[in-house]
């Protein structure tokens, strides 16, 4: 495995930290065994030539425990009379960092309770092994580190250490990873990548299995990268918390109290030397799933957002755990578009540019790859899927445009720009090809609501004229054809509304044998009679639920059955309430009022509070008679679309429209 330049390490990515550490370890091993002297000499030559480059490397990319492991290896090399330069400025910095780290976790503490130093024992002198062996993991390792465990075996001849190493040497055909297992980390990050790439719908059983596996390992103190760990970290805990909560599992936000110092700072590990960008990034993402009253998540959101904003302002968004294609882009999107406002297709379109596939490299004790998390197959499939959806959306948009023109909706005040934005919001929220009926029903419903509102307001219709419009719709909803099929109506806008509802109802009747015409008409009658009071969200939710039936578990539950469910009424009330406030907020913003937002995603305190309550209603499972998750998600989907319109300025929305619908 020696590379052409005499070094050992990751062949695909050059990191001087990785190459020096691996090369010195291999040279020490070969010299100890007194074999392959020519390879040893090539390795020494590489180190003599490149040791001075340590001070050129970005310290954020220093491998885990490097500041402890390298000095220990150098001490061993000196005993073996291996001639390598040790007086470089970069090495002096490494030694200084070692002292800082060892002071953060004193020797007496590391012998009493599990700490991250268990992961980096190799070469440390003066250890009390009889005490450390009591901190051994269940699998025989020292915090799942083969190298740390190998050093322990060398010092103690412990049978469990030998068993751990032997099992993994056989498993990996003579070698071992830098850390193993990584089962929780792998399960969580694979799910996260599939979701952000827009592929999760293809792997729902596998994802449910992954999430259930993580839930079985969950503890009130959190988790780390592997099961049965006595040490927890905020990165895996935050990702686990977020995904478990999204999938309906009950997890307490109090878990994050274990990662908060007395001074109010959040940390990944106790005694850490530096703060990881991705750890704070995932804490920030987790905090956006907060429920009412979860003050620890309010603190977490504030701390992580401030940390990330400061890093971004300094152009310092480098991470100590991963070298990825566009981490600044990922963090920037999260800060600029909070989760409430993040429409699924928008997130996926940006992430397709940010995801590095095979080229993303993780930083552990050495550089390593996570093929189930980062691979080109995911990226290739995601791009194919996105392009397929985009092509369908573009065709639907052309059909919407034809419908708009044939119905002369422009004469009633509906502009083509508003038409495009309305369709885009529906398509970016409900994007799947198989949900075309729901998407088009949403788009046409929203378009007609805006058109009718514009007609009523800007034509300055009298109360009697509005009443006549509503009466005509209420009493004339059965299609009548005369003169060779030409549709007759006193009001062409009423005619368009009636035809649209009949068309939507007929689609469902033909596809699923379900007649939704009457409940759809009832929903419109309710909106028309109270349009000045809002009610847009209620009409959209009812339309979406009627078009999608009762969800996957209870396909085509009746409107009466849905409405009789107490959870349905709670969701409807919460959605209407927050959407009405968002509509008012948007109107004030457009009119130059006092609506304001800050970088943590705030609109108003009241709106944020009500969004948290809605999220809680949607993601929690109340009982076996709970609504289907797809139906519950419809409420949140509509609310998030309102939040998006209120949060993003018009320039941002226009940019998103171009990128999501039209950019290849």
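In case you wondered, yes, glycine gets a Cβ from its N, Cα and C as well.
Annotated features in Swiss-Prot:
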- 101, 320: substrate binding site (BINDING)
- 233, 235: Mg(2+) binding site (BINDING)
- 233-236: motif 'DXDD motif' (MOTIF)
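Overlay of Swiss-Prot feature records on the structure.
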{"residue": "101", "record": "substrate binding site", "Cβ within 10 Å": "18"}
{"residue": "233", "record": "Mg(2+) binding site", "Cβ within 10 Å": "22"}
{"residue": "235", "record": "Mg(2+) binding site", "Cβ within 10 Å": "26"}
{"residue": "320", "record": "substrate binding site", "Cβ within 10 Å": "22"}
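When the motif 'DXDD motif' (233-236) is classified with DSSP, helix, strand and coil residues number 3 helix, 0 strand, 1 coil. Across the fold, the C-alpha of residue 235 (Mg(2+) binding site) and the C-alpha of residue 320 (substrate binding site) stand 12 Å from each other. According to DSSP, residue 320 (substrate binding site) sits in a coil region rather than a helix or strand. Counting in whole angstrom, residue 101 (substrate binding site) lies 17 from residue 233 (Mg(2+) binding site) by their C-alpha atoms. Summed and averaged per residue, pLDDT over the motif 'DXDD motif' (233-236) gives 98.
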